[in-house]
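**Q** Sharing the features that Swiss-Prot gives for it:
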type	residues	note
ACT_SITE	His290	active site
ACT_SITE	His333	active site
ACT_SITE	Asp337	active site
DOMAIN	12-75	domain 'SAM'
MOD_RES	Ser13	phosphoserine
TRANSMEM	141-161	transmembrane segment
TRANSMEM	189-209	transmembrane segment
TRANSMEM	220-240	transmembrane segment
TRANSMEM	281-301	transmembrane segment
TRANSMEM	309-329	transmembrane segment
TRANSMEM	335-352	transmembrane segment
Amino acid sequence: MSASTMKEVVYWSPKKVADWLLENAMPEYCEPLEHFTGRDLINLTQEDFTKPPLCRVSSDNGQRLLDMIETLKMEHHMEAHKNGHANGHLSIGTDVPAPDGSFSIKVKPNGMPNGYRKEMIKIPMPEPERSQYPMEWGKTFLAFLYALSCFVLTTVMISVVHERVPPKEVQPPLPDTFFDHFNRVQWAFSICEINGMILVGLWLIQWLLLKYKSIISRRFFCIVGTLYLYRCITMYVTTLPVPGMHFNCSPKLFGDWEAQLRRIMKLIAGGGLSITGSHNMCGDYLYSGHTVMLTLTYLFIKEYSPRRLWWYHWICWLLSVVGIFCILLAHDHYTVDVVVAYYITTRLFWWYHTMANQQVLKEASQMNLLARVWWYRPFQYFEKNVQGIVPRSYHWPFPWPVVHLGRQVKYSRLVNDT
């Protein structure tokens, strides 16, 4: 922030205050302080954060904002007292007429031989601040183990449920409105899986360039793990017949656990995809895992990429929508499988990020009904040290420098990580 701007801090408008809050990564205060001027801002005290609405914004009782305000006051004080000082002291000696009419005699106030006034200024120095967005890779590794465990459990559950699926000759497919209006397209499911792999690849590239990749990947693992855990439950409690007569399910093994283990390992190695030839079991219908990944990757891509890349968002949205439509067009899932998968995925993503972006929702209270979800304690553990909304910041994670092609831009969020 420039010195001229600091000099006028007391004259800041509410808009300038909001800009300062955004520049210092404190967007959560923009709404409660929307009518505050610069003078109101620097007059905030600890007592103000014990009363609404400020008491509901942050769990640190506004300490970070107060520290930033103290720094602001210090910079403002130094700027305001810079001019007219010599080495930090104001010269206040005055010339008085000498007996011969000249002005060579100086009055030395306070008895100081150099004519300077000794002034004591108390400037509170904020304590060294830890990162607002700590990486905490250990927590990320735990979240990864959780997601991996849920994925393995899902493959085990698919193998178990496969043994319970009734033969299509005994129990024909259930009626489905979409199937009544659209004939089956054989190659449609391959398009679905190709779109899914493209979205996962785009998300992986985007993740590599994210500055706060540890926090964001931790959120991804927590959400996708929970979604697959829910899927284990829904698959097990209700076994639906195959959606179409075209299904050729693997033979039942009737308790041969060694063969089942080999089949589970094959499914894990192939990523649970039909296009890799690893998934030829039946019964994993309610709800659709393909819909989960198509929806979740799009949501993360859009949430953690710049808003100006609207064309990128539309491309990813189109890949997701076409992929989901092709699931139904291939008659590989009932419509209810897709609807339930979309609903659960979007709700869990939005709930988790709403709670993560609001400090007050990270504290359990009678007013916070979201604290009653079963995964609230793990959520608190993973998110308690993340202060505020994670910026959509990017960096260059590789040792070689960025190659700029064409004209240079004035500003970019993509910088070298030095």
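Just so it is clear, glycine is given a Cβ too, placed from its N, Cα and C backbone atoms.
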**Q** Below 8 Å between Cβ atoms, which of the listed ranges 141-161, 309-329, 335-352 makes the most pairs with the transmembrane segment (189-209)?
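**A** The stretch with the most contacts is 309-329.
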**Q** With DSSP as the yardstick, break the domain 'SAM' (12-75) down into helix, strand and coil residue counts.
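**A** Within the domain 'SAM' (12-75) the tally stands at 39 helix, 0 strand, 25 coil.
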**Q** Write down the Cα-Cα distance for Ser13 (phosphoserine) and His333 (active site), rounded and given in Å.
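**A** That comes out at 57 Å between the alpha carbons.
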**Q** For the transmembrane segment (141-161), which recorded stretch in the set 281-301, 309-329, 335-352 gives the largest number of Cβ pairs separated by under 8 Å?
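**A** Selected stretch: 281-301, with the most Cβ pairs under 8 Å.
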**Q** Please name the residue among the recorded positions Ser13, His333 whose C-beta has the most neighbouring C-beta atoms within 10 angstroms.
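**A** Answer returned by the neighbour count: His333.
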**Q** Take the Cβ of His290 (active site) and count every other Cβ within 10 Å, whichever protein chain it belongs to.
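**A** 25, counting other Cβ atoms within 10 Å of His290 (active site).
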**Q** When you scan the chain for residues with a C-beta under 8 Å from the transmembrane segment (281-301), skipping those not six or more beyond its ends, what do you find?
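**A** For the transmembrane segment (281-301), the nonlocal Cβ contacts are 154, 157-159, 161-162, 164-165, 192-193, 195-196, 199-200, 202-203, 206, 216, 220, 223-224, 227-228, 230-231, 234-235, 238-240, 242-243, 247, 249-250, 263, 267, 272, 312-313, 316-317, 319-320, 323-324, 327, 333-334, 336-338, 340-342, 344-346, 349.
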**Q** State the residues, same chain only, that lie 6 or more residues beyond the ends of the transmembrane segment (335-352) and have a CB under 8 A from a CB inside it; answer 'none' if no residue qualifies.
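**A** For the transmembrane segment (335-352), the sequence-distant neighbours (Cβ-Cβ under 8 Å, at least 6 residues beyond its ends) are 176-178, 219, 222-223, 226-227, 230, 234, 285-289, 291-292, 295-296, 299-300, 324, 327-328, 370, 373, 379.
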**Q** Give me the long-range Cβ neighbours of Asp337 (active site): same chain, 6+ apart, Cβ under 8 Å, in sequence order.
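**A** In sequence order, the residues whose Cβ lies under 8 Å from that of Asp337 (active site) (at least 6 apart) are Tyr285, Leu286, Tyr287, Ser288, Thr291.
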**Q** Which whole-number value in Å describes the distance between the Cα atoms of His290 (active site) and Ser13 (phosphoserine)?
**A** 50
**Q** If you run the three-state DSSP split on Asp337 (active site), which class comes out?
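**A** The residue in question, Asp337 (active site), is helix (DSSP, three-state).
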